[in-house]
Structure formats: structure tokens, C-alpha cells
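Visitor: Pasting a structure here, questions to come.
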There are 2 protein chains.
Amino acid sequence: MKAVGIVVEYNPFHNGHLFQVNQAKKITGAEVVVAIMSGTFLQRGEPAIISKWYRTKMALLSGVDLVIELPYCYSAQKAELFANGAISLLSEIGVDFLNFGSESGDIQEFLQFVTFMNKHQTEFDQFVQANMKLGYSYPRAASAAFTQLHTSSTALSLTEPNNILGFHYVKAIADQKCTIKPTTTLRKAAQYHDEDIREGTIASATSIRKLLTSNQLEESKHVMPEPSYQLLKNYQETYSLFHTWEEYYPLLQYKLLSTPVNELRSIYECEEGLEYRLKEASKKADSFHDWMNLVKTKRYTWTRLQRVSTHIVTNTTKIEMNEALNTKPNYLRLLGMTEKGQAYLNKTRKRRTLPIRKPAKVEGIMTELEERAANVYLSILPSHTRTAEMKKEATRSPIRL
Amino acid sequence: MKAVGIVVEYNPFHNGHLFQVNQAKKITGAEVVVAIMSGTFLQRGEPAIISKWYRTKMALLSGVDLVIELPYCYSAQKAELFANGAISLLSEIGVDFLNFGSESGDIQEFLQFVTFMNKHQTEFDQFVQANMKLGYSYPRAASAAFTQLHTSSTALSLTEPNNILGFHYVKAIADQKCTIKPTTTLRKAAQYHDEDIREGTIASATSIRKLLTSNQLEESKHVMPEPSYQLLKNYQETYSLFHTWEEYYPLLQYKLLSTPVNELRSIYECEEGLEYRLKEASKKADSFHDWMNLVKTKRYTWTRLQRVSTHIVTNTTKIEMNEALNTKPNYLRLLGMTEKGQAYLNKTRKRRTLPIRKPAKVEGIMTELEERAANVYLSILPSHTRTAEMKKEATRSPIRL
């Protein structure tokens, strides 16, 4: 019983994701699809538009067999740490393959580039440092460093976001010496930053979220599987909102205004005097969008600033995050499974090196951060559902389908 | 030009307050009434029902000539520190008299009791400590200590809240060796905890707030001066709310859930393992009322717990508060003045030992706490007014009437 692992956010699950799930099985011949999914706050530093439970159900209803949560300490992180965390979980589960979507679509390009980079890491780091000293953000500095390294030796374009993530997955597999075999699927139709729904039936998650938050849910119906659409509709009816930064801005603003700068400085990724800038802007901006426009500079990408905002609103300090990153995960949180997924878990019990647990049953820094992120994520729900959701979060059983 | 000082919260200003303002002038013969008024969070650990600016206007329109803000480090405090702070400001201004409402109504009782207590302070403290070891809250322990001290030598009843405050005013005047002459006015009709509006035209602030928060503003019309009623109505129309703990509960809950217990422990008045109790309750309670019912015990009075909640929501640490309490105020914040009040300020300029300043022009721990408390107080306003109000708060000129 072979399994293919995928790393997902499903924010929300749409036809592009369905395409990838099917391709992953087809390319690898695996029977079982295991998804590592971010729970609350995502790689680009955004809250997931709906809860992990609804997104899990979407996945299970569209071909995924197991959904395992990617802990907070990996989920709201730059590509390298995000990929490392996700691969380490897939390795613990013992999947046979990895599949990821990319703009390249050719796994050889990734493998070659990882080999190349492993030989030139020091030079690369020096180029990045030098570029950052010139005032470039990390992604731009890294992108320029690739060019400076004469990457004409590879065809892989590292200005594409999914190629970058893919590179880090393949590199993590090499670094962690996993036996997972990486594969890639060419991303179809919609590009990541494309914000207009196409004529066709594949659209980017960004464009779909735009429809949701502008009260045009109906218009996203043709670009996602029917269960995804129904679950989105049901979520809005049940909780009266979608989770966006605008909904969290009152908490972020409150947190910034009630926290002295020397305390803000202890927050993860809050570096280089950023605390003053963030705090001052919170006195002026009425909305998250205005606040971001006040704080952004050439040096900080939108994504980086959103991640700092995430760590501020979850009150995650440098000390806590470093402790979590230096601690090996001691459990897997299973969010959901199909019957086939359950059969796979039973058959591979001995291969698995970590127990499946609910956070309520586990101690340690990682679950502490999980609980906090989950509570903060739920804090914006209407009062009649908020506390009830918080109460059951850490003890909730996986969804079975 | 003689002045009488009063210490007020005006939460909101009603006929009982009007009665006291007039009595204060009548008893002392003073022409000018100077009110020291709490700005955002009050002595019983509650947010003021409407802003300091609206309450200042109410006061000026009903016979008060000057309104000076009582800083946060004194305003949300037990009677002794509250009284000490208020008297120190009145002393800096140089008023001739103090007037306060009391259940006793006889200033001799207060003067005698202060003399008595100054002789028996050590014994009294010992009784209080012993009673608290038995599990009593501070107010109950102090009340029993008075009886244990054979206070039959005085007629002053120290189970009455306004007598307790009055005692601390008179004691502060003695301790600070001020030249202010204390006077008292017998409180008429409504008792402090009385929650039903009487047939007459005097009702307690508590009963009025109950009407306001149950959408029965109209029914409070006959128990307050017309300007107070109009200002309350206008506040609700402008900001769509009154400031109650229920409005702040989402922030308090968020703060408790996002803060590790060892960090909560650094908050002022968060003692004796209370942090665990407060945090656990925040995972269960949907409302402030439910939360308070979960956290209260024989040991902690409702008021004490509300004050802890205030310091948690404003993120005020023990270190910060102690620094503020050990720092002499270095400015007076004038919230409003009538023409007569302004004339008084001009005539007494040389007598005054502190400058009148806006917080934006002053540095130091006291203004830092002021700014933070003000921003937190304003955090619950609707987004279209919140930031605008925050922006002008620290630079706002006094109201002139």
C-alpha cells in the first residue's frame, strides 16, 4: 500500500488542488494520499480563511485520505523552515513519495539544482548577505544570488513561488536523508498571483478568497468541487465570517498599542527596530490594509510583514519559537481520515516513529504554541460560538469519512 | 478666590453629583469647584461608561469649574492609593478645601478616627494580616480589624464605601501635611449599591448604568441634569456603544489566552497563583459576567478581580506600576474649564507646583501608562472612529465652556 505525501494549505480547496491530488496518484501510482496541512496561520502569514476542520473535510471529500496538521512553528515560516517541517512529518509517517505542484513541472531540474546548491551553499549565502546589505528583502536577495551564482547550469526559475517551495522540499529530503521519492506536477492555468477568475474551472486560491470576502461566494462555485462550495457556504452561515487579516486587525492593533516596544522586540521575526514602525503605524491605521501600507518598505516583503503580524498576534517570542524549532515533534495531530486512510495507518503502524495524539494529551512547547495559535485564530468568532470552539479544539477527534 | 476640591468619577454625572457640587460650595463658601476625575478605568476596576471628554462636559455644564485627570496609576487602585493620588494632585493645585460625600456626614468623626488610627496603625496592620491569613478578602479583613481595635471610640462606620474613601482622603491630607481643609456632605437618598431607580430624582450611578446598558436611557432622564442626558444620548449615537466590561471581554479573553502564565504573573495585582485561575476561566466563559463568576472566591472581592482584569487588559506590570507610584507626578492634565476655572488658574499660577501639560508633551512612565490605558479604552470603538480618537487623545486641548 504505497502512499504519496503532499504539503497543502487548501485555503480553500479548489479544482487546482483536485487536479494535483489526482496527478499525484497517477504519477506515483500510490493508492493513498497523505496531506500535511497548516492549521491556523499559513506560510504567507495569513489566517486560514476557514477552520482546519472544514478544510480537512474538503480534502477528504476530494481524494485525500489522511490530513495531518503542520504545527504552527513550521506553518507561518519562510519556505525553508516550512518545507523542512513538512518533510520531517512526512518522513515520520513513512510515505513513499512526495508530490508538489510547480511552475517547472520537471523533477530533474529540482534534483540537479539541489545538487548544485549543496556544492555552492557558502557562496550563495555570501551573495545573499551582500545583497541584503544593499537593502533588498530576503526573497529578492536570494533571487539575485541565484543569478550571481551563474545558475545557467540549471533551467529552474527561482523567481516562481512554487518552484522555490519545491526546491526546499527536495533539499529537505536530501538534507534529512529521507527515503521519500520526490515528484512534481506542472501547475495548470491560474498563476499564483492571478486575481481574476478565468473563464475555465481552475482559478487561484487568492482570486477565490477575493470573491469570498467581497460577498460573492456564489461566483466561486464553478472553480471548486461541490463539497468545498457547500462547506464554505455552511461556514459562513454558522460563524458569520471568513477569517481574514481585517478581522484580526482590532486584536493586532490592541496588542501593538498595549505592548511596550521592548516587549515587542522579543517577538519572533521582529527585528531591526521594526517594533517602532509597527507600533507607530497602529496608532494611525484603521484597517490592516492601511496598516500594511504604512509599514512596508523595500526591505520587508508583504509576506514577511504578515508573518511578523502573525507572531505578534499570537504573542510568539523568539525564545519560544527557537525552542520549538529545536525540539523534534513528539506527536502527529491527525485531523481527518477516510477508511482507506485508516487502513493505511493500521498497516504502517510499525513504520511510524511518532504517535498520533490530540494536543490535549501532549506536553511541551510545540503544543503550547499550537493551543495559543488555535485560541487566537478562534478569538474573532462571534461570542456564542467562540468559547465552545476553543473548548473542544485540543480534544477533538479526527474527522472520519 | 477660594476653591474646593472634589474627587469624582461621574460615571455618569447625575443629580446626586449636582447636589454634592452645590453642597461643597455652600459648606465651604468656595467660589470655584476643582474636580479630580478618573479618565478611563475607575476605582472599582471598571471602564468609564463614556469618555473622559463627555464626562468633563457634563461636569462643566453642572457647576464644576476645572476638571483635572486622575492618572491611571491612581485611578484603578484600592481606596488608600486612589485617595493618596487624588489628594496629592489637589495639593499641587493648591485648593483650600476638600469636600466628599459620605454616609456619616460628620467631618469630626473622620478627623477623630484618623487621629486614632495614626496611633494604632501597627496593631491595625497586625489584625488585618491575621484576618487575611484566615482567608478573608482585604476589605473584610480591614473591617474586622476596625472592630477588633475597639473602634467604639469612634462613631464612624467603616463598612460604608464612601466613609472608607473619606477616611483615606482625610488620612492622606494628614499624612501629606497638606493645608487643605476637609469637609463632608451627607449622601442623600440613593445608597451606593442600590440598583432600582427611586421615585425621586436621585439615583445611584450603578442603577443608571444598568438602565443605559439595557437600552433604557430614556428612563434615566429624570435623575440627571439635562446636559448629562443629552451627552449620554449623543455618545451612544456617535459611538454605538457604552463602555462596559462585556465590551472589553473579547480583548481580555484574547490577552489571557495569548499570554503564558509566567508572563501574566508579572501583571500588577496578579498574585498568589491567580494567573492560572484567570486563564483557565477564560477558556470556559463566553462573557465577562460568566468569567467573573468562575474566578471569584471568598478571598477575592469582585472589585479586586475587576482591577486585576483592568491591569491585564492594559498590560500594566508590577514593575511599571511600582515605578509610576514611586514617581511624583510631573504634570497636570487639564480636561476642561469654565471661564471662572480659567480665571482661577491664572490667579493661582504661582501657587501651583506642577505645570499643566498634554500627555504628548511629557515623557516618563506615568504618561506611558496613560497613553496605553487610553488606547486600550478606545480599542472597542467601531473602526471608523477608533483610530481617529486614539490619534487626538494625547494632544487634545481642554474643553472650554
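Cβ coordinates are placed from backbone N, Cα and C, and glycine is handled just like the others.
In TrEMBL, annotation is done automatically, which means it is predicted and not curated.
According to TrEMBL, the record shows the following:
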BINDING   B:7-20, B:Gly101, B:Asn162, B:Arg187  ATP binding site
Visitor: Kindly assign B:Tyr10 (ATP binding site) to one of the three DSSP-derived states: helix, strand or coil.
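Guide: In three-state terms, B:Tyr10 (ATP binding site) counts as coil.
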Visitor: Among the binding-site residues B:Tyr10, B:Phe19, which residue has its Cβ surrounded by the fewest other Cβ atoms within 10 Å?
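Guide: Counting other Cβ atoms within 10 Å of each of the binding-site residues B:Tyr10, B:Phe19 gives the minimum at B:Phe19.
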Visitor: Including all protein chains shown, what's the count of other C-beta atoms within 10 A of the C-beta of B:Phe13 (ATP binding site)?
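Guide: Summing over all protein chains shown, B:Phe13 (ATP binding site) has 33 other Cβ atoms within 10 Å.
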Visitor: Sequence gap of 6 or more, C-beta under 8 Å: which same-chain residues meet both conditions with respect to B:Val7 (ATP binding site)?
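Guide: In sequence order, B:Ala35, B:Ile36, B:Leu70, B:Ala83, B:Ala86, B:Ile87, B:Leu90, B:Leu98, B:Phe100, B:Leu165, B:Tyr169 meet the Cβ cut-off.
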Visitor: Measure from the Cβ of B:Gly16 (ATP binding site) and count the other Cβ atoms within 10 Å, all protein chains considered.
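Guide: If we count other Cβ atoms within 10 Å of B:Gly16 (ATP binding site), we arrive at 20.
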